[in-house]
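Colleague: Have a look at this one.
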Amino acid sequence: MPAERKKSASMEEKESLLNNKEKDCSERRPVSSKEKPRDDLKVTAKKEVSKVPEDKKKRLEEDKRKKEDKERKKKEEEKVKAEEELKKKEEEEKKKQEEEERKKQEEQAKRQQEEAAAQLKEKEESLQLHQEAWERHQLRKELRSKNQNAPDNRPEENFFSRLDSSLKKNTAFVKKLKTITEQQRDSLSHDFNGLNLSKYIAEAVASIVEAKLKLSDVNCAAHLCSLFHQRYSDFAPSLLQVWKKHFEARKEEKTPNITKLRTDLRFIAELTIVGIFTDKEGLSLIYEQLKSIINADRESHTHVSVVISFCRHCGDDIAGLVPRKVKSAAEKFNLSFPPSEIISPEKQQPFQNLLKEYFTSLTKHLKRDHRELQNTERQNRRILHSKGELSEDRHKQYEEFAMSYQKLLANSQSLADLLDENMPDLPQDKPTPEEHGPGIDIFTPGKPGEYDLEGGIWEDEDARNFYENLIDLKAFVPAILFKDNEKSQNKDSNKDDSKEAKEPKDNKEASSPDDLELELENLEINDDTLELEGADEAEDLTKKLLDEQEQEDEEASTGSHLKLIVDAFLQQLPNCVNRDLIDKAAMDFCMNMNTKANRKKLVRALFIVPRQRLDLLPFYARLVATLHPCMSDVAEDLCSMLRGDFRFHVRKKDQINIETKNKTVRFIGELTKFKMFTKNDTLHCLKMLLSDFSHHHIEMACTLLETCGRFLFRSPESHLRTSVLLEQMMRKKQAMHLDARYVTMVENAYYYCNPPPAEKTVRKKRPPLQEYVRKLLYKDLSKVTTEKVLRQMRKLPWQDQEVKDYVICCMINIWNVKYNSIHCVANLLAGLVLYQEDVGIHVVDGVLEDIRLGMEVNQPKFNQRRISSAKFLGELYNYRMVESAVIFRTLYSFTSFGVNPDGSPSSLDPPEHLFRIRLVCTILDTCGQYFDRGSSKRKLDCFLVYFQRYVWWKKSLEVWTKDHPFPIDIDYMISDTLELLRPKIKLCNSLEESIRQVQDLEREFLIKLGLVNDKESKDSMTEGENLEEDEEEEEGGAETEEQSGNESEVNEPEEEEGSEEEEEGEEEEEENTDYLTDSNKENETDEENAEVMIKGGGLKHVPCVEDEDFIQALDKMMLENLQQRSGESVKVHQLDVAIPLHLKSQLRKGPPLGGGEGETESADTMPFVMLTRKGNKQQFKILNVPMSSQLAANHWNQQQAEQEERMRMKKLTLDINERQEQEDYQEMLQSLAQRPAPANTNRERRPRYQHPKGAPNADLIFKTGGRRR
């Protein structure tokens, strides 16, 4: 990048200051006539003193050199530190990305494992279901075949004679049939095989029908009935008759037993499937019972569980049902389930139609209940929004209805799966905005996506981490340290609950919402009694604390060492003022001091925190929340003490101890945010304060809202109640005549909880490439990353005009860049110009146009961008993108554009408008330090004269009065700028003095320019624009030469060489004159005036026709030459690396071309030099290439051709030189013939001939050294 002027200028300023000091030291007061007669000792002293400045000069130079070295080292260290910080940031970002990727991979692997485990579990369940279905099918099929073939296989009469027919055993067996269980299958089967029950069939049938079976016992009962049916022919008809009578008797029951109905229906279906009843008898009985159940249950659907049980266990055989779960398992795992072959499809169809009708009525009931539930929820939300809470009856009614709806929904889903039907659509009712308050987006932690911190619970990410991310003590602390503690806490809590149940209802420590409401009502009714109760409560509280203190002191006598540890811990607790320290303290307490007495000590220490240390409350609350999973009694005891202290202050109703009250309320709020203090209790505390909204209660309510109001208002479960209380508070503020201080506090608390909605700005959508360009320029660009950004910018598709225009536009809009990074954009542009020349031109034009547009529009909303543009223009000069003429033209425009010469007000520059002064100071502060030598120094001196006149003209306007004086910050800004640029400048003290300086300056330059100042002095330039143009011509090509002669780098500006510094130092010493300082005016020399007069009185160019003809002819010749050269072919020169001198000497010192072996070797080979690099060192090796190779032959031919061309050019040059010498010799002879020849006194020394026309000397060119004779 181009070398900055900043380094050189600072060094030159120091040199100028040192030179001025040296001059001041060297100057001596002129010796008067009275002081001339002095002793010789004084004269010698003066000579010794004259040596002092030289020593001082050397010391100052050494100090200056040391300072420069220190500054250079300091800058290098800063650069290294910045690079290290950047590397650290990049490493941290890489680590974060790696951690995120690792977490994502772990989550993905965990998800895949869970999916695989779920799939494996599903497969196992499907296989188990498949196996059970086939086993059940085979068992039923075998049992059905046996029962259908029973008439042919029943035993004869002689078989029964061998069985036991005793009354005792048979009656005992019949009694056992009333309590059939699956566990008794074997014993009952064994007893049945040994008994003759021919005379007890009726009793057995009655016992079986009246038996209280479970669903798991139905298979055992069906097995026993099969045994009866296979042995006794009259068992099945008797059983069928009893079942019919049993069902007829059940129709008369008002409240049938659903469990018995479910098992009976399943029992009949099982008896029909296994063939005890015929299909006609059994199916008709099942259909009648099922139809009666469904018809009686079409509205209430209380017997839906009976239908579901029937479909689950017997639906496949009776109704031909295939559940959706079975279908999906068969399709997914390619399983074949047993077909329904027992009953024909024609007999199954009525059951299917009946069940589908029932499911239709069930879905209608579900939709109806769903609508009613939504209506109830909507009404409850409205009541909460209006009143803040629900009545107990309504809340209980809603919970019961919601439970019945959930049960109905689950039954509907089960029946839909069994019938392979789809569930109906149940649309969710979207809450209206009015139900949540105006424009409030309630924060729900379960929502996917990022946290919306602007509309969420917490103010920022740090607050969220502080209140939510707590350390898990159970992961660090051994479980044995708090396991017993948890057991004891559970026992204590159980004892406390039993004690509280026995206590009377007016217990003061009750914390339920109802008790708080009762206390609130009592507050409103009986004020005097409450004050007494509050006093008694305070006494009880202090007694309790004192008793605990005495008890602990007695315990401490036995364990003094632990007491010292606990005391040291409690003393250091107020020093835990950050998250790490308080977390460490929590872990320390849990590891080393976890006893019941120490926990009480900790609670008391937290409770009696000093009222001035409000900063400790969030950390103490975090300590309590961290300890809560391991020792919950700390949070419970502290909350109960704070609750009691709060009620004491509310009931006391005094106007003292406001700091203690605020401390208690703030502590409650902090514990609420950690969810240690319940939201209901916090809201009821706020309600108690609002009930008596006066004096200290106002401050306490506002403090509570400012601590946890946003948390309560943004939480879904407490939003409605909080909004009602906030509205109540605002209504009380309007109705009551409160002090202005209280009004401000109430409004601040309200708007902190519920800030007014802000309009969200719509972000403009841009193409990705434009977004990347803006990211590079506006985010990534910094002093350290300039080189990287330049590399990325060079990779852009610059051939695309749209991309180039957008980059130029982004650079012109410099106000989008951070103010401290504007110089980085100028640095970047200077490096980019080497590859894209037109970009720099367009950017400079755009910046100048924007500055001009700002002066024309002159609106305050553009002031910041105008400051940035002015700063950018100065930085462009620092990086040699513009010349000084552009800077001074802009500065003069600030003091002249739109300014009326007569001083009348202008709309472009109003009297009270001082922003142009700020723009001038901004440019001068940016690049004015480089105008310290040469013509640019004189230009700045001249401009400062006009600038002072502009400032004093602004000060003299009538707008500024004693009541409304001229802004003092503008004066300070001007003085700071001028002190930096011209420390010795003499400022004007009035408008007249500034005008007089301008007139003197204009008159002086008019005289120097040799112009007549009679008329022109009257019409002289008002603001020095013509003067600036003349000075630009006077500066000549020095600026452009300086601009074009230096290459640019990206990282740091180039360091100037020592020779340039010496030349600039000499120039500074020669031109170290200031037109505005008194010393410079006094030290003006006659030599400078004479030089100026020579410039003014020199030859002047007179335009004539011959000049125009000459210019036209020259242009024509140049054009023809260009056209001729464009048609020629361009010959590409071959690269020929020069051989080092020491190798040339070695080659020349080789063997001569004489005879012998050396001659043959040199004739057969040609020496070449091979260049190699090893590390940073170059190595040369001589190779003798044979002449037979193509490389040597081509090189030899090329050398011969060059030698011939060289000899031809030499001969041609010699001929020209000889011809010119002959012509000159003839002219000399003619001139000598006209005048006598001078005597040659030195014949032996022949002078070298110098050709008057500058002809070349061939001997010098070709180094022949010979003489022509």
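Backbone N, Cα and C atoms are what each Cβ position is placed from, and that goes for glycine too.
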Colleague: Which range is it, out of 376-398, 422-444, that shows up in Swiss-Prot as region 'Disordered'?
Modeller: 422-444
Colleague: Quick one: which of 227-251, 452-476, 552-576, 1102-1126 does Swiss-Prot have down as region 'Interaction with UPF1'?
Modeller: 1102-1126
Colleague: Checking distant contacts: for the region 'Binds to UPF3B' (837-857), what same-chain residues at least six beyond its ends satisfy Cβ-Cβ under 8 A?
Modeller: 804, 807-809, 811-812, 814, 829-830, 865-866, 869-870, 872-873, 876, 881-882, 886, 890, 893-894, 897-898, 908, 916
Colleague: Looking only at the region 'Interaction with UPF1' (1102-1126), what are its DSSP counts of helix, strand and coil residues?
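Modeller: Helix, strand and coil residues of the region 'Interaction with UPF1' (1102-1126) number 22 helix, 0 strand, 3 coil.
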Colleague: Please spell out the DSSP helix, strand and coil residue counts for the region 'Binds to UPF3B' (837-857).
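Modeller: Taking each residue of the region 'Binds to UPF3B' (837-857) in turn, the totals are 21 helix, 0 strand, 0 coil.
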